[in-house]
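Marked as compositional bias 'Pro residues' by Swiss-Prot: 19-31. The domain 'EF-hand 1' annotation in Swiss-Prot covers 50-85. Among the features that Swiss-Prot reports, domain 'EF-hand 2' is placed at 127-162. Under the heading domain 'EF-hand 3', Swiss-Prot lists 162-194. Positions annotated as N,N,N-trimethylalanine by Swiss-Prot, on the basis of similarity to another entry: Ala2. The phosphothreonine annotation in Swiss-Prot covers Thr71, Thr87. For Ser73, Ser99, the entry in Swiss-Prot reads phosphoserine, with the evidence type similarity to another entry. Sequence annotations record features per position, and here Swiss-Prot assigns region 'Disordered' to 1-35.
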Amino acid sequence: MAPKKDVKKPVAAAAAAPAPAPAPAPAPAPAKPKEEKIDLSAIKIEFSKEQQDEFKEAFLLFDRTGDSKITLSQVGDVLRALGTNPTNAEVRKVLGNPSNEELNAKKIEFEQFLPMMQAISNNKDQATYEDFVEGLRVFDKEGNGTVMGAELRHVLATLGEKMKEEEVEALMAGQEDSNGCINYEAFVKHIMSI
């Protein structure tokens, strides 16, 4: 058997090594971007007198108490009735991000609504007919211009700005063919007209 080699342990090398640097402090979490507040008083009304009269007529149709006011929760409905397609988030933003309690309790007059309508109308990010059709084309597995009604119901109730089951049913009433399919181009025309 071969003799063992005398292996010397480096004693001084371990002591001379500098201590590891402390771990850097974790970076602070990125601050949430602040929602820009919309200054409704700074919005210039660009609608004609005829348009304003039409908007006021629609606004007053939503007045349930006869005081020429609507609740904040009705603003989105009036905006959509007048042909705009704002998201719920856009409506809340133009309202100043009110609490749910304020949505149902606070009321506004037409003069307060008009700058909101102008702000939404000025928004260039509004989805177009083509945007909606392209979004539904993703679900057209056969490439024949139709989507399954059941799948569309599921999408409307569970993705994005979720709709209530009653809203989905009202929206889709009379849209399905005998096979349970929906022509999505006709469907988009239908929803953009209501």
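Including glycine, each Cβ sits where the backbone N, Cα and C put it.
Worth saying up front: this structure is predicted, and the values here are computed from it rather than measured.
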Can you count helix, strand and coil residues in the domain 'EF-hand 3' (162-194) using DSSP?
18 helix, 4 strand, 11 coil
What parts of the chain pack near the domain 'EF-hand 3' (162-194), using Cβ distances under 8 Å and only residues at least 6 beyond its ends?
85, 129, 132-133, 136-137, 139-140, 145-150, 152-153, 156
Nearest to Thr87 (phosphothreonine) in three-dimensional space, by Cα, is which of the modified residues Thr71, Ser73, Ser99?
Ser73
Whole-number mean pLDDT, the domain 'EF-hand 1' (50-85), equals 93
List, in sequence order, the same-chain residues at least six positions removed whose CB sits under 8 Å from that of Thr71 (phosphothreonine)?
Leu103, Asn104, Ala105, Lys106, Lys107
When you measure from the Cβ of Ser73 (phosphoserine), which residues in the chain that are at least 6 apart have a Cβ under 8 Å away?
Leu103, Asn104
Give the helix, strand or coil assignment DSSP yields for Ser73 (phosphoserine).
helix
Cβ atoms within 10 Å, counted per site: which of Thr87, Ser99 has the most, among these modified residues?
Thr87
DSSP helix/strand/coil residue counts for the domain 'EF-hand 1' (50-85)
22 helix, 3 strand, 11 coil
